[in-house]
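Feature list (source: TrEMBL):
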DOMAIN    516-709  domain 'STAS'
TRANSMEM  73-97  transmembrane segment
TRANSMEM  103-120  transmembrane segment
TRANSMEM  127-145  transmembrane segment
TRANSMEM  165-184  transmembrane segment
TRANSMEM  191-213  transmembrane segment
TRANSMEM  219-238  transmembrane segment
TRANSMEM  250-267  transmembrane segment
TRANSMEM  279-298  transmembrane segment
TRANSMEM  334-354  transmembrane segment
TRANSMEM  403-423  transmembrane segment
TRANSMEM  461-485  transmembrane segment
């Protein structure tokens, strides 16, 4: 019952072992479906399932049915126009990262958006070019079609210009990436993104931002630097830049610095006053228009030798089939691209779904992006995902649904079909400056390192190793290294958990780590051991080692010593040198007696001690005759807290059973508490129990086991009897046992006579 006003509770119930609880409380029998039943159910189709499948495959039907025309349409139009202008600019800029002519970025801002409108589940992300993916595509492109030297020997390159070869490579690797994403979606493996932690993604994207920054320096400085890929490519690129730094185009440099300063300042104003501004100031678009006008008016291309965007073809190009040979050359790079593209898009989509209270489906998102990249690649676009800055524009300007995304695609289409020529005088240094200034968010992630070092050093190691590996080895290898380090940290945390010895908090039924609290009660001869992780093949030896450390002795060594002592006692009795008296066994021989060193039948030393042919049972904690030395065992009861053990594998079952038998054979009573029902069922099904290891050792709670032990082994002193009474009542009345110094036995053994 609960006592009002006292903030305390009193519970009166029987003491429960698992067997006693099962006898008293009847369980509901649940019928577990077989694999055959699941397969049959999966392939069974009815009208309801067909309807749900259609809604799942075409999510736009669901939100179109609830579309509020009057309230949402105007917001979607404003958002679509704003996002479309940003998408045009970013499409041109990110094409440079992919080592492609700028106008192919317009294709990436159009075709994938149309497909995602029908298949995607997020209402707010803006689909299109993403700088990290663009850079990964660029690494593949420059590897197969380098700036200097002949391209790799691929059938289908004959008769094509260098740009056309690069477009074929980019489209083919994007097509393969889309196939991988689509396959993962159909196989329902959207959970794979869970293996990319926020820490890993943060370190990876920070490294990508550094790669992007270095790749854009050649445009900002107006230098001719060939694109490089592979390990240490960033070092070689910086070397080539600094070797020709004196050839910097001052006009490009001044223009870039001016653009970056203005855009940075206005973006800070947008962030600071976003609550007061109806829509963010589209400063990138404004500065791009101004730069185009100034470049055209002063003829930057001719007078100042500035590299400009140049001719932008009107309209779309005819579809192109992917090259199968390129598939084989780029499969290793395509897989991390598929994972990164989906992981970033899903993370952004999840943020907005929580904010606006709707559900996104990871598997459907994989299908949507897979189909978007496949269709886009057929029309010569490169890898699409989402950029946080562009999605932020779509959401912050009032976008409610993907109608805004559809309208942004229409804006891109207008530029592609009608007014693209207006962007021809645009200096590439302006695009590079826009890319660099938008890296602020990713570069600032480096501020997480000090926090991670203070709060979680394994996570900090993951961040630093992922970032450094991605910078030095390239993004694809860096991601693989980061994932490997992340999985290693998980393995080490599970393999070497922080085990602890618990003690009762005085006057309560609560048990905590004995090292953390002063007012604790530890009954003599009782140890409570807790392992806070699953027990499996990799940590079962660690578990057994920590268990030996907790109880203070090695049970197998003690058992062997005892059995050797029994051999010696039997030999002395047989020779008549040891006789039974009223005071026990008495040594009659005056000479020195050596312990038996008979090494025959060593396996018998690991068996339970056998007293059947001895006239008296030996008290191992008392003084033994003939100077026989056997380690003392001051623990009579051991409680294993399994509340945090979620599973055991077969190796763990064998190791656990061996450890329990060793303890039981040295007369230590073992109790296992708070064991998961699934684990208990597995123990029964695996024939875990026998004459020594019995199911009666399992108790419902830790306190039940402690009460059982106190009942079975009453304490001797009057002071400890007071605490026994307190712990038995299991009520909360304060510190009744404070000041009883004999109760705390930290770091020492307490003598217990048998």
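Yeah, the Cβs are placed from backbone N, Cα and C, and that goes for glycine too.
Between the transmembrane segment (165-184) and the transmembrane segment (73-97), the number of CB pairs under 8 angstroms, six or more residues apart, is fewer than three, so the stretches are not in contact. Listed by sequence, the residues of this chain that lie at least six past the ends of the transmembrane segment (250-267) yet keep a Cβ under 8 A from its Cβ atoms are 219-222, 281, 283-284, 287, 291, 300, 304-307, 427, 429-430, 432-434, 436-437, 440. Of the recorded ranges 103-120, 191-213, 219-238, 279-298, 334-354, the transmembrane segment (73-97) has the largest number of C-beta contacts under 8 angstroms with 103-120. Regional average pLDDT for the domain 'STAS' (516-709) in the model is 85. In this chain, the transmembrane segment (279-298) does not touch the transmembrane segment (461-485); fewer than three CB pairs sit within less than 8 A of each other, excluding pairs fewer than 6 residues apart. The listed stretches are 103-120, 127-145, 219-238, 279-298, 334-354; of these, 334-354 has the most Cβ pairs under 8 Å to the transmembrane segment (191-213). Tertiary proximity for the transmembrane segment (219-238) is limited to same-chain residues at least six positions away from its ends with a CB under 8 Å from its CB atoms, namely 96, 99, 138-143, 146-148, 210-211, 244-245, 247-249, 251-253, 256, 305-307, 428-429, 431-433, 436, 471-474, 477.
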